[in-house]
Structure formats: structure tokens, C-alpha cells
Amino acid sequence: MELQKLTNGHHQGFQHLEEGYVSFIKTTNFHKSNESFEGKTSFGMSVFNLSNAIMGSGILGLSYAMSNTGIILFLILLTCIAVLSSYSVHLLLRSAGVVGIRAYEQLGKRAFGHPGKILAALVITMHNIGGKLEFWVSSDLISKFPFFLWYLGYTSGFSLTCMVFFLISVIYKKFNIPCPFDGFTNHTAENISIDGECEAKYFTINQQTAYTVPILAFAFVCHPEVLPIYTELRNPTKRRMQAIANVSILGMFVMYLLTAIFGYLTFYLNTEAELLHTYSKVDPLDTLILCVRLAVLVAVTLTVPVVLFPIRRALLQLLFPDKPFHWVRHISIALCLLFIVNLLVISVPNIRDIFGIIGATSAPSLIFILPGLFYIRIVSTEPMNSRPKIQAACFTALGFIFMSMSLTFITLDWVYEENRSGGGH
């Protein structure tokens, strides 16, 4: 389907995703005709790219989430979030197919005008800043400029290989770290004698359970990257892109589940919000864990180009919708993002709080609320009382319920912790 020609370099294929690479675009002549654009990315490379977009530092908090829900409840929640994420991709593809738009914020403009475009851009910006915060809190990363998605398939594959190494190490450590944990530092040693500390829980509800669904929702957000990957896909069809999304989500589901289970079965009640930090308490100089940290650092560094593209595109369309590409603007946005992220990392050092807030606000907006609203507003061929529209409306309502409940419980947890810490002085 012919795509709309957008300003600021965002036509069909977004001028191959970045006008910053002007020389490449000129030599390949992708700007000559929207109709002549053909995607280069194969099915497998697209799976790698989307999996890379899904994967992030959220994997480090899954064992903590399982420790606060139990194995069975965690499995149920993880399955639900994965299925709902796949359905959300379906709504996005249907909406984009109707109007020929391949940019998330442009769907917002088509659905609600300029306010919808601003809202979508702000949500994408908030979510990706949160994602970069988590990268930096866990690994102290430096952002890279984005490459083209067909080339990123190779770096995505290497990034996923690093995370597979992380998973293998988590499984290996399960059988090499005894419980109770005599090697823990003094401030955790007082928890060693807790009854049932080394017993797995199948159903658990406690004060920290409020963070579970936000952590899981954040771990599956890839929706701003779906449409650019769809644009770059060779022989693009909605069915083919949906299959890519399903394979990617299924692969991440398996990786997330195995990481959560073996991480939880290693530390049980002592599992912390950042899994690698928990390993460091057993042996700060463990060679394998140091290698895992390096692998995670490499993995999330290679993920940053995919994550950085939507936030830069959103800011360009939000702040400079009618301006041509300029290197000064391009570099200034990157430097401003780095500066803001640095300030936030200093003020919010707890990765659990980042998981909670971003997972309870931008994640439900990108997965549930906006795709449902886009579908209702854009797909005009179906009446409002049709089953697809009713499902989309229920999907959107579920997002609002999830957001309000998560924010309420997280706020109550913060108030409780503040009162408890204040009473201890």
C-alpha cells in the first residue's frame, strides 16, 4: 500500500529510517519515489530486530517479580502479557494498513489530529527515556547513533547471543550457589535464617507484588518499532509481520520465563530487583558474573540504536515537524537526551522504581490504550458495535484499569516505605 509522505524525512520507510545518513540515501536513491521503495530485511532478520527491540534490561527484574508472585501466578501473568502484546501488534497493523502509515505517532495524528500526534510522541519519549535509564542504571551505557534496520539484523543477532549467554549463566549458577547463602554481605545475612527461605513459592501476594505487572509489561514493549520494521520488511504483508511479531514475542517469552525461574530458584526470598547485583553479593569477583555483566553491557549497547530511533523521530515530529534534516539538530537532540538521562540516573538510582513507573504509565499506553484507540478511530469500515471494535474498546479499558491500579499500589508502597523509614529515625 502506498504510504503517506511525511515531513522531516519520514516518508515511506522514513527515508530508510534516518535522514542523518544522507549520503547513503542519496547513493541508493530511496528518496526519489515512494513507490520505488522496497524493503530489504528478511523474515529472520526482522525477527532478530523485533526481538532486540523487545529485549532490554527488563529481563534483570523478572526473577524479582517471580519472587513476589510465585511461580504459577508469574507464569499466568507472563502468558497474559505476551498474548495481549501480540494482539496489540495486530491492532497496530490493521490501523496502519487502512491508512498506509508506518509511524506510531502518525497513527495518533490520523486518529486524533495534532493532539494525538503529540500524545503518542510524548509517550514514546517517556518510555524510551525510561528504557535508557534502566540501561544506564544497570550497565552505565553510552548511546550510539542508529544504523539501518537491515544492517541491525546482524548486531541484533549478536545482542541476542549475549543474552543467551546471560541465560545459560543464570541456569549454571542455579546449581553452583548453595542455599542459604553464606557468602552474602553482612546487611543481608540477617535474612539467612528465615524459615522457608530456600523453598519455592507457587502463589505469593505481598507489598512488592504491585511491581510485577509493570515489570512484565515493560519487558514486552516493542510497539513503536513494529511499524518501522514492517516498512523495512521484504515482501511486506500484515500476515507476515504478525508472524514475525508472534515468533519474536514467543522467543522472548521462553527466555524471560527461563531467566525468571532459574534466577528465582537460586536466591528465592533474597532475589533483588537487579538480578546481577544479587549475584555480586555472593561473590563480587566471580569471573563468570563479570563476563555476564560484560555480555549484558554489549547486548543493551547494541539494543540502544533500535530504541533511540523512535524517540528521536518522535521529538523531531513533535518539535520540528516542518524542518529539513540538519546535523546540528540531530546531534543536539542526542546530547540533550544523554544529559537528561544522566540527571535522572543520579536522582533515581533504584531500578525497581524505574520498572514500576515506566511499566505503569508508558507501557500500558503503548501496548493497550493507544493501539485500541487508534483502531477504533481509524478503522471506519467497521461499526462500533462490531466484535472487533468491542474487543478494541475492552482492550483499551483494560489498559486504563491496569495503569490506575498499578500507580495506586506503587504509590501506596512508596508512602509505606517513607513512613517506615521515617519512623526508624
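For all residues, glycine too, the Cβ spot is worked out from N, Cα and C.
Heads up, TrEMBL stuff is auto-annotated, nobody curated it.
Here is what TrEMBL records for this protein:
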type	residues	note
DOMAIN	40-132	domain 'Amino acid transporter transmembrane'
TRANSMEM	47-65	transmembrane segment
TRANSMEM	71-93	transmembrane segment
TRANSMEM	151-172	transmembrane segment
DOMAIN	151-410	domain 'Amino acid transporter transmembrane'
TRANSMEM	243-267	transmembrane segment
TRANSMEM	287-309	transmembrane segment
TRANSMEM	330-348	transmembrane segment
TRANSMEM	354-378	transmembrane segment
TRANSMEM	390-412	transmembrane segment
> Under a Cβ pair cut-off of under 8 Å, which of the recorded stretches 47-65, 71-93, 390-412 contacts the transmembrane segment (243-267) most often?
Replying inline: 47-65
>> As a test: from 47-65, 71-93, 390-412, pick the stretch that has the greatest number of Cβ pairs under 8 Å with the transmembrane segment (354-378).
In response: 390-412
> Mind checking how the domain 'Amino acid transporter transmembrane' (40-132) divides into helix, strand and coil residues in DSSP?
Replying inline: 80 helix, 1 strand, 12 coil
